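S.K.: Here's a structure for you.
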Amino acid sequence: MPLSRSSPSSLNAQELADRMLGHRLRTKQTSERGLVVNKVYVTEQVKYEKEFYLSFAVDRTKSKPAIVVSRSGGMNVEEAAEKDPDSIIKLHLSYDKDITRKDANAIAKVLGLTSEHSIKQLHTMVSRLYTIFRAKDATLLEINPVVITKEGDLICLDSKFSFDDAACFRQPELAKFRGEGEGEGEDKDPRQALAASHGFAYVSLDGMIGNIANGAGLAMDTMDAIAYYGGTCANFLDAGGKATKDTMVNALRLVLSDERVKVLFINISGGIIRGPVVAEALIDALKEISKSKIPLVVRLEGTGSTECRKILEGSGLPIHSISDFSEAVQKAAALSRT
């Protein structure tokens, strides 16, 4: 089913909406399972003569915000860049300066806008959008398409926003747009909100191996290694630098709440944190949760790693304590296939 449909009447619009609701939507931005449609946005049809693409984003290579505009609206901007590179303009901006009329004139030239009315509207529109982009700690503000009517007016027809999760404390009003606390929709995994409340970085994936690590880099290395040996991760979870019993209990409960998890792989690198402290916290957490049906592969390396293995092996719990990274990953991948 298409992402958008046009309707000649309100009755037909209701019929189309009924068909969309409950439909599983699959795009390049979703997983293979897709997302269930639980809301349909209805708006009036707008007649227009031209359309173009507009976005604000953070250019990490330049450490600056940038505006990207293409006269090929309504399509993927990467495709437009391949087909017609001259149709795109990218201007680097400054967080402490507004968009100037000179910037607007450069954009208008690419878009083929010549009337003072349209150029003035363009300047006003991009200036206001850039104000929103900065004020709301956005990492992406995309309008696709912006359309130009026969009268030369500019109208934003569709938008996409992404916000900096680390700035959520400054933007409490944005929580309602993410579905937090509303319990609806699959686009916001409830485990992700719960993880954030515990200070974890969590992303749900499509596999069967639960992945808990202390550090984003280590968690990503674990995911890559599991994939290399034929396994699939059910999640990414960075538990951070704490090694308390509560941290382990919350991390374990979070990952094990996913019914797809058949194996749990815990990969902890003990640097500043002493390994035995982590091992004891992990054992206490496992005893409290008591979900022994799920096989556990644990790798605790670093400060006190030898003592760690002794603690784990003497716990009486069904733990596969393996120090070698490749061997531990292969064990987890093999267990997920049994």
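Placed from the backbone N, Cα and C atoms, the Cβ positions cover glycine too.
So TrEMBL has the following annotated:
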type   : residues : note
DOMAIN : 12-148   : domain 'ATP-grasp fold succinyl-CoA synthetase-type'
DOMAIN : 213-331  : domain 'ATP-citrate synthase/succinyl-CoA ligase C-terminal'
S.K.: What does DSSP give as the helix, strand and coil breakdown of the domain 'ATP-grasp fold succinyl-CoA synthetase-type' (12-148)?
M.R.: 50 helix, 37 strand, 50 coil
S.K.: In the predicted model, what is the mean pLDDT computed over the domain 'ATP-grasp fold succinyl-CoA synthetase-type' (12-148)?
M.R.: 88
S.K.: Count up the helix, strand and coil residues in the domain 'ATP-citrate synthase/succinyl-CoA ligase C-terminal' (213-331) according to DSSP, in that order.
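M.R.: Helix/strand/coil tally for the domain 'ATP-citrate synthase/succinyl-CoA ligase C-terminal' (213-331): 56 helix, 24 strand, 39 coil.
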